[in-house]
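Worksheet: the structure to be examined is printed underneath.
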């Protein structure tokens with residue numbers, strides 16, 4: 001059923017929000033102040049509508065730069081001018097903190113998209129008539145939109161989509177694929193690092209075919225479910241003055257500019273601390289840079305990432321880095337273990353670090369620097385620190401996921 005709505009504002013998920021009859025209606029790709037024609041969405045989404053036409057457009061509306069926008073589900077916001085978009089992203093942080101009763105300075109949004117995303121996951125699926133499609137998930141669907149170029153990717157990933165198509169063809173033609181095929185491609189110093197997931201065991205002829213593709217596309221490394229198929233060169237990335245060899249599938253900040261921005265903000269807030277603890281350290285984007293001036297102790301549950309950090313820590317000129325695997329959700333560091341550190345940095349995954357935040361709140365650590373990719377769980381954890389006696393010295397929102405609702409942030413707490 002077609003209806004006409006007036007959009008009040010853009011919500012935290014990037015959808016236009018129409019208010020009326022006591023409920024909110026969400027319309028993707030609509031902007032505040034617009035009058036739009038919409039249709040109901042099939043399925044269990046009574047509060048969502050499909051945008052059919054914009055009758056009265058916002059003066060802030062701009063033309064999307066990608067021909068796949070609105071069909072591909074990768075980007076939610078290419079239709080909004082930069083200035084109001086930046087203000088909206090900052091407002092997500094301000095409003096979420098306010099809901100948690102946190103009143104602090106929130107700096108202007110820092111754009112850290114840089115030259116684009118350095119990692120991408122492509123999906124391989126069979127469509128109608130058993131035709132293979134490789135690309136991104138469609139908006140609000142598990143369908144695959146076949147794509148050969150994505151303008152938000154780092155130019156170093158220019159060959160990623162062609163390589164994914166070339167790998168998907170032998171994987172799907174020479175053996176049955178019982179699960180969706182996912183192909184993660186990461187840009188590294190020595191070429192593309194590719195991990196394939198969803199395929200079954202690889203018979204020798206298929207390994208040969210995949211190795212041929214890897215050579216043709218000059219992949220640095222090809223793995224299947226993290227197991228090595230072929231490596232031409234070590235897939236390394238630069239972190240500070242150090243080259244780190246990435247374990248297959250290990251966490252990596254989305255953009256080079258994003259990592260450098262977050263690391264710089266962390267270092268500024270750590271200040272002159274001599275003993276620093278890095279929690280949820282990953283492969284060491286913060287630890288390796290902090291070790292240029294301070295001794296660092298680092299923990300993460302990913303043993304492969306910790307091993308990569310330990311190897312990189314041997315780089316000449318760094319102060320000692322002691323690192324070991326530890327599940328910080330099940331075994332958070334307790335106040336007695338925290339007492340010798342001048343500063344603690346923690347950068348948990350999206351679920352936040354509630355258990356560790358409780359222990360930090362009971363500690364005497366002078367400075368805590370929080371990095372987060374989820375404003376809601378950050379607000380929860382920040383509330384715990386504040387209730388434990390810490391003051392929050394301000395928040396800096398960082399946008400390395402441009403054209404999406406996702407926003408990262410860095411905050412400093414002190415006693």
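Yeah, the Cβs are placed from backbone N, Cα and C, and that goes for glycine too.
Taken residue by residue with DSSP, residue 66 ([4Fe-4S] cluster binding site) is part of neither helix nor strand, so it is coil. As annotated by Swiss-Prot, [4Fe-4S] cluster binding site applies to 66, 72, 75, 150.
Marked as S-adenosyl-L-methionine binding site by Swiss-Prot: 253, 280, 300, 347. Neighbours of residue 280 (S-adenosyl-L-methionine binding site), defined as other CB atoms within 10 A of its CB across all chains, total 22. Mapped onto three states, the DSSP output places residue 280 (S-adenosyl-L-methionine binding site) in coil.
Under the heading active site, nucleophile, Swiss-Prot lists 373, citing sequence analysis as support. In the three-state DSSP classification, residue 373 (active site, nucleophile) falls within coil.
Each of 251, 278, 281, 282, 285, 286, 348, 349, 371 belongs to the same chain as 253, 280, 300, 347, is absent from that list, and has a C-beta within 8 angstroms of the C-beta centroid marking the S-adenosyl-L-methionine site. Using CA atoms as reference points, the recorded positions 66, 72, 75, 150, 373 were checked against residue 347 (S-adenosyl-L-methionine binding site), and the closest is 373. Residue 280 (S-adenosyl-L-methionine binding site) sits 13 Å from residue 373 (active site, nucleophile), counting Cα to Cα. Residue 75 ([4Fe-4S] cluster binding site) falls outside any helix or strand according to DSSP and counts as coil.
Residues near residue 75 ([4Fe-4S] cluster binding site) in space but far in sequence (CB under 8 A, at least 6 apart, same chain), listed by position: 66, 69, 152, 403, 404. DSSP assigns residue 253 (S-adenosyl-L-methionine binding site) to coil in the three-state reduction, outside any helix or strand.
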